[in-house]
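Participant: Sharing a structure below in structure tokens format, with a few things to ask.
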Ligand SMILES: Cc1cc2nc3c(=O)[nH]c(=O)nc-3n(C[C@H](O)[C@H](O)[C@H](O)COP(=O)(O)OP(=O)(O)OC[C@H]3O[C@@H](n4cnc5c(N)ncnc54)[C@H](O)[C@@H]3O)c2cc1C
């Protein structure tokens, strides 16, 4: 939604990510700048549809927020199409295969590149190798995302009005014993408007939600600051990755994404597309010295325990439990047919194969600015903690200096408005209601206090469905 965006711009190192404005130099990553944009991540993401391991939901200890309810919520919106697969068998998978309105194209294969096959990758156990389903509208062979799947089919509804290029600037409230949202102020076409709310207000501005809540709502209501710990606000969790591209021999027949760099070939592929013509893994499978790295992480966290806020202690408690769990997957390898790395640019006419290596459970934490007059500035602070860098070194088997220079973020921002108990820096309760308010809710990824391990879109979608369908009203 912000205007300051050039999708094709090359930002020094992270050239394949969207660029918006400046970015804060990252002192742990050779001063690389990672820039965030506010246009909505679902519309620009890589369309990988992945789900979290079963056990992690239970660790959050939030009533109603468990794997069964998550699966039920996602089942409402997904449907798998397996026409192009090689004898795919969904037996024992808790998923819908006959499709609803919102289909996810899925292509699976038996070739696991030597890694053990994930038993039920999208039904609670993604540990192992699997082909990642994509969010594709199978009727049009185009990207399927929140606008095409949830908005376009409902534009005729008389009670639904969506206004683009409208920016929330203020929450209109009435303050009695608690705070009640009575409306939202926003700007549109240079004018300021207020829309009244008779029932409730739901904030879902993604990583900007924190800014809207802190900046717009609470800074102007200082009496409420004492009721709500600000320590947990603006602290943000995100995922880190690094790509390594291999040049393929000229006689490789398969088409890779590299074809899209040539304008003529791109045109041809777009036409073909109209006609319709990844993997999580346990660290022990990659390095037998990973136990030493985990011990390092544990010692660091234990040594500094008293300096952490209650919310961060709660997060680290869950993370340390995960390290002890042999079924957890702190790392992820994504195999991409095409060039998706840096710093060396791809050569014209060549084909590539890229391995993207991701950290699933970074210990480092970032920050979001909360000045309501500015676009939120995001400081991800990747690999601030040495344990993260050492884990990364084990995954990539490359040198730390190379990683510091080439690492990028994968933009899975979460945790800035955590669903935790109030005394643990929580901002929303299990009903997604902001503490000390009567009718103000947050329904986006910022409520997840920890990263769940997979890519975040399924969780972002499930959060809204969980609020409406599963979590009992007070
Ligand atoms: C380059 C990239 C690739 C990714 N790839 C994948 C992937 O392959 N698979 C996956 O699962 N996840 C992926 N993700 C992450 C995933 O897309 C996001 O985690 C998810 O979309 C977040 O959903 P959200 O609802 O929390 O926020 P968003 O999708 O960001 O939605 C927030 C909305 O609020 C609007 N907004 C913000 N501030 C205001 C304001 N003041 N007033 C009015 N509106 C406002 C924004 O314009 C936006 O439309 C990727 C992300 C990026 C950036």
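Each Cβ is built from the backbone N, Cα and C atoms, and glycine gets one as well.
The model shown is predicted, which means the values in this text are computed figures rather than measured ones.
As annotated by TrEMBL, active site, proton donor applies to 412. The active site, proton acceptor feature in TrEMBL is assigned to 455. Annotation source TrEMBL lists FAD binding site at 168. Feature annotation from TrEMBL assigns domain 'Glucose-methanol-choline oxidoreductase N-terminal' to 42-207. Residues or ranges marked as domain 'Glucose-methanol-choline oxidoreductase C-terminal' by TrEMBL: 400-463.
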Participant: For residue 412 (active site, proton donor), name the DSSP secondary structure in the helix/strand/coil scheme.
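Facilitator: DSSP call for residue 412 (active site, proton donor): coil, neither helix nor strand.
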Participant: To the nearest whole angstrom, state the Cα distance for the pair residue 412 (active site, proton donor) and residue 168 (FAD binding site).
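Facilitator: Their Cα atoms are separated by 23 Å.
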Participant: C-alpha of residue 168 (FAD binding site) to C-alpha of the residue listed as 'active site, proton acceptor': distance in Å?
Facilitator: 27
Participant: For the domain 'Glucose-methanol-choline oxidoreductase C-terminal' (400-463), DSSP counts of helix, strand and coil?
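Facilitator: Helix/strand/coil tally for the domain 'Glucose-methanol-choline oxidoreductase C-terminal' (400-463): 20 helix, 11 strand, 33 coil.
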Participant: If you count the other Cβ atoms within 10 Å of each Cβ, which of the recorded positions 168, 412, 455 comes out on top?
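Facilitator: Per the Cβ count, the most surrounded site is 412.
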